[in-house]
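Notes follow the structure.
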Amino acid sequence: MQRSTTVARLRLRLQARRAAAARRGFVGPAYDLAKKIMPKISPTEAAALNAGTIGFDKDIFSGNPSLQSLKDKYTVALSPDEQSFMDNEVEQLCTMLDDYQLTRDRDMPPEVWKFIREKKFLGMIIPKEYGGLGFSGHGHSQVVQKISTRSGSAAVTVMVPNSLGPGELLMRYGTEEQKDYFLPKLSTGELIPCFGLTGPRSGSDAASMPDGGKVCVVDGKLGVKATFKKRYITLAPVAGVVGLAFKCEDPDNLLGGVGEEGICVALLERDHPGLRIGARHDPLTASFMNGTVEGEEVFIPMECIVGGQERAGFGWNMLMDCLAEGRSISLPAMSVAAAKGAMGSVGAYARIRKQFKVPIAELEGVQEHLARLGSNAFIMTSSQHLVNSMINQHEQPAVISAIMKQQMTHRMRVCVNDAMDVLGGAGICNGPANFMANAYTAVPIAITVEGANTLTRSLIQYGQGLTRSHPHLLDIITSIQKGNDQAGFNSHLASIISHAVVNTGRSAGGVLFRSRMKGAGDTADYHESQLNRLAANFALCADISLTMGGQIKFAEALSGRYADVLSNLYLGYATLWYHSQHKHIEGVNEVMDYSLQNITADIEDAFFGIFANFPIRPAGWFMQATTFPLGRTYERPGDNQMKKVAQLVSTDNQFRELMQEGTFVHSDPTKDRIALLMATLPKAVKADAVLKACRKEKRSPTAAEQALIEEVEAAREEIIQVDSFERLGSEINEAAGWKAEDRPAFNDIYGTQQAASA
């Protein structure tokens, strides 16, 4: 009893001292300076900061993330219903699709549209009680991924209604009347949805949209007369309902305290008076529907606003909340599909295609591309599965979603470029046999939409992450915004200083005590040690970046380097997490090791860019001296490691099988080039082994061996062919009697027309 009383007295005394220190103006000058240099947080910034949830990103900013906690907390798998849908409806849809013909027609055929509607592809995320499929985030992701390996345009068509759009907004914020009316129609495709956010003057800076109008009363109804001009709106040309973002002003106070001025989101059906939709954009060679949504002085009743009048002015908050989840799923799924598809098909092509009498997969220049393909497919799959697991546990990882969008689409671009380099001429001749052309031309679309990658990397990942995910920064900003919370500022500043001191110790400890030897076999423990050290380094450097105050928001190149460290730390831990679940699979350890060596080298490169360019030079010197006192530490994989990964990518093995999960391969190799590649690969490996054995043993192949060799040679001859056409472009529309000599270039220079008429 006496001891507890003594402890209580000590606590009271400590609190009194803190209060007295605050009253005496402890660090008062620092508080005054902070109020001057820290910019005010705008309502749109506040909405972004409050959107979604924080989790593992906060652990990284703390400097002490735990791989074991990821292993204990997260796992992901398809439900029986989702797996059945993948094996049946998705398989059937992929079989129906001909991506080359879709590109020529610039639309899907009626039977595909009908199938998508009837099988509820457009209502995957809508709960079963409203007629949807009720799929999880992982289920949604895997469906989009598999369709993408067959047709990116078809995948976008399915993706958009299940991502940021009317369905998601209604489920979270809609009134019961709105849910009961719209969700069943969205589930069955009776209404195809689109969402109008982007305009000519508001692209990445969507919150600056000029679209909107004033609150008014028309025929006894309260609403907004809005003028809007939206573009790049996917599915708009065929939409039955438009989700429209616009600003409302209420100069006459007609809202009466219910709702407020600001961004609203409304649902307008296609026949809404004054609404104009239907005109199409032409997004490179993609064939999904994309177009404009426009209107002048369109009256939008309050009942059309999602959530009713009470939600007027809260549209930006709603959009940021939905984006925190949706950005993690859709584009990453398509990016993973491109990586897996490229790795699988081009790995097989490189083994089957021969030059200089050997498979081109044995040429070191080609092996560099193949190793990158295998590594990126593994990293991207790992990251996708981890974030899907977070979403399945009802997290909305806003900062990690920005990492996923930028990193997955960037790595997709690397994968597609690697694939095209290996394919050579087969990749640049268009036609049904070219399985990479559409992915190659569509890459800039993925890079641009849902937050252009340049903006996402240089502003959002670290800028939003620092404020949102740092364990103490948001608290200190709140005390500064209040303007009169010296005591709170003192307390939070002390926490930040303590945090920096702790991570200085962790950084120094990481230099001294990190693992230095990989050992034989599984190298996961070694790489975990490196990531732990680098995470402590990052947390310390993040704390030091606070010395720049609000200027860090405008130092975009520097912020981008911090983002590179942050995003690669997430990728690294995700890769180790995924590896731990699949380390029994042949080849996974080699690919993990290769991948983590590149990730740690990328992190180190970004750190040294921070040190060299930090504007407060003594702080830059201190960061380097504390985190990398002996200079650079990490090396990229050597050529022998590269060759091992390339071998795994281009031969039949368990690692290739793992990376082909969730992809589509046509059941008939005679009707599809990728299917022919996949069917031929194991035979080509066996045939090459036979030829090698025959040379070594100085004998001729047996009859069975000769049959295998001839089968592979016939398939190889088919695979190396590219498409050619009797007519292209305007020639297709010429009359039946048209012939090659009628091309304008001839102009009878060879006398062919004159000879024909003689």
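Cβ coordinates are placed from backbone N, Cα and C, and glycine is handled just like the others.
What TrEMBL annotates here:
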{"type": "DOMAIN", "residues": "84-190", "note": "domain 'Acyl-CoA dehydrogenase/oxidase N-terminal'"}
{"type": "DOMAIN", "residues": "315-461", "note": "domain 'Acyl-CoA dehydrogenase/oxidase C-terminal'"}
{"type": "DOMAIN", "residues": "467-725", "note": "domain 'Acyl-CoA dehydrogenase C-terminal bacterial-type'"}
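Taken residue by residue, the domain 'Acyl-CoA dehydrogenase/oxidase C-terminal' (315-461) breaks down under DSSP into 121 helix, 5 strand, 21 coil.
Across the residues of the domain 'Acyl-CoA dehydrogenase/oxidase N-terminal' (84-190), the predicted structure has a mean pLDDT of 96.
Across the domain 'Acyl-CoA dehydrogenase/oxidase N-terminal' (84-190), DSSP helix (H, G, I), strand (E, B) and coil residues number 79 helix, 0 strand, 28 coil.
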